[in-house]
Amino acid sequence: MVAPESRSALTGDRFYARAFGVGLVLVLGVLVYRILSPLFSALVWSALIALLAYPLHVRFTALLRGRENLSASLLTLATVVILLGPVAALGAAFVVELAEIAPVIEDFAREQAPDIEGGVLQPALERIQQLIGVSPAELRQWAGESAKASLEALAGLGGKIFVGAFGTALGFTVAIFALFFLLRDGQAILDAVQGLIPLPDASKTHLNKHLRDAVHALVFGIGLTAVIQGVMLGAAFAVLGLPAPVVFGAVGILVALLPVVGTPLLWGPAAIVLAVQGRWGSAIALLAWGVLVSTVDNFLRPFLVSGRAPIGTLTVFLGVIGGAAAFGMVGLLLGPLILALCLALIRFALEHK
């Protein structure tokens with residue numbers, strides 16, 4: 001029989017051992033966070049690409065008779081080629097077309113100024129001058145400068161997302177380096193994580209399916225649809241002779257992520273500009289094409305999701321806005337992904353009550 005004094009000593013030793021363990025984990029957690037937080041965006045991008053490319057890695061590994069290193073190396077090299085080419089071309093297009101936007105806006109304001117000052121807006125302009133002492137010429141100058149600054153900011157935002165998606169050159173290098181190991185050791189990492197989940201194997205498999213379906217619905221049902229809508233919008237700008245089709249096509253991909261409003265934020269004002277210029281045929285064509293672009297997701301998304309659990313409009317909207325505010329550019333995808341995974345976990349919990 002253990003004496004009370006010995007039992008008390010054992011309890012105290014166990015308490016101090018656990019306290020030391022908890023403290024050590026907290027300290028190491030803070031240090032790991034400090035180390036990895038500057039690389040957060042790069043690691044998230046590499047994880048998303050690895051998730052999409054992993055099925056190809058499995059097939060390549062089988063074709064290469066189990067040589068996982070070679071398969072991961074080939075896919076990583078292909079990713080570098082696929083990313084660097086379009087990103088470099090897009091960056092050059094942003095630089096060139098951004099320089100073209102400002103003169104077009106200024107010319108448009110100058111050409112339309114006489115019609116505006118002498119038209120139906122003249123009483124309103126005179127009233128504004130009486131109230132705040134700003135002449136129509138000053139108001140026109142302010143409006144032109146504001147439009148120019150807004151478009152520059154809009155194009156700059158697109159450039160930061162598409163050209164600087166991985167941050168610096170160091171961030172890109174880290175993303176590619178991490179991608180190789182995530183592809184090569186992805187299954188081992190997944191097995192280790194699943195080993196920590198206190199569920200039966202069948203439940204773990206079911207949970208894994210829920211999470212995979214959520215990621216598939218987000219990437220293909222929303223992300224790919226947004227890319228298609230942006231490309232369609234940029235093509236319309238190019239055909240109709242509107243300025244900066246690449247810039248506004250790229251920005252169209254971003255706004256297409258926003259439910260309800262989406263691409264009308266771009267093609268609506270553009271149609272108005274064409275109408276004011278007297279190009280009614282082009283304005284009507286852009287309006288009709290814009291409606292098609294805005295509704296194409298209703299046809300594409302069910303096909304791309306292909307029976308998996310869809311992601312609701314509210315989830316996407318809150319995820320895009322909140323994710324961008326919390327994580328920056330990478331949050332545009334990470335925000336909806338986190339919310340989608342949370343909903344998948346809730347559905348899984350309800351099915352296994």
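Count begins at 1; order follows the chain as displayed.
Cβ atoms here come from the backbone N, Cα and C positions, even for glycine.
The transmembrane segment annotation in TrEMBL covers 15-36 (among others). Among residues of the same chain six or more beyond the transmembrane segment (15-36), those with a C-beta under 8 A of the stretch's C-beta atoms are 43.
The feature transmembrane segment is assigned by TrEMBL to 42-62 (among others).
Summarising the annotation, TrEMBL assigns transmembrane segment to 74-96 (among others).
What TrEMBL lists as transmembrane segment is 161-183 (among others).
The feature transmembrane segment is assigned by TrEMBL to 214-240 (among others). Counting same-chain residues at least six beyond the ends of the transmembrane segment (214-240), those with a Cβ under 8 angstroms from any Cβ of the stretch are 48, 51-52, 246, 248-254, 256-257, 262-263, 266-267, 270, 274, 282, 285-286, 289-290, 292-294, 296-297, 300-301, 304-305, 308-311, 316, 333, 336-337, 340-341, 343-344.
Positions annotated as transmembrane segment by TrEMBL: 246-267 (among others).
If you look up TrEMBL, you'll see 279-296 (among others) marked as transmembrane segment. Long-range contacts of the transmembrane segment (279-296) within the same chain, counting only residues at least 6 positions beyond its ends with a Cβ under 8 Å from a Cβ of the stretch, are 225, 228-229, 232-233, 236, 240-241, 262-264, 267-268, 270-272.
The transmembrane segment annotation in TrEMBL covers 316-346 (among others).
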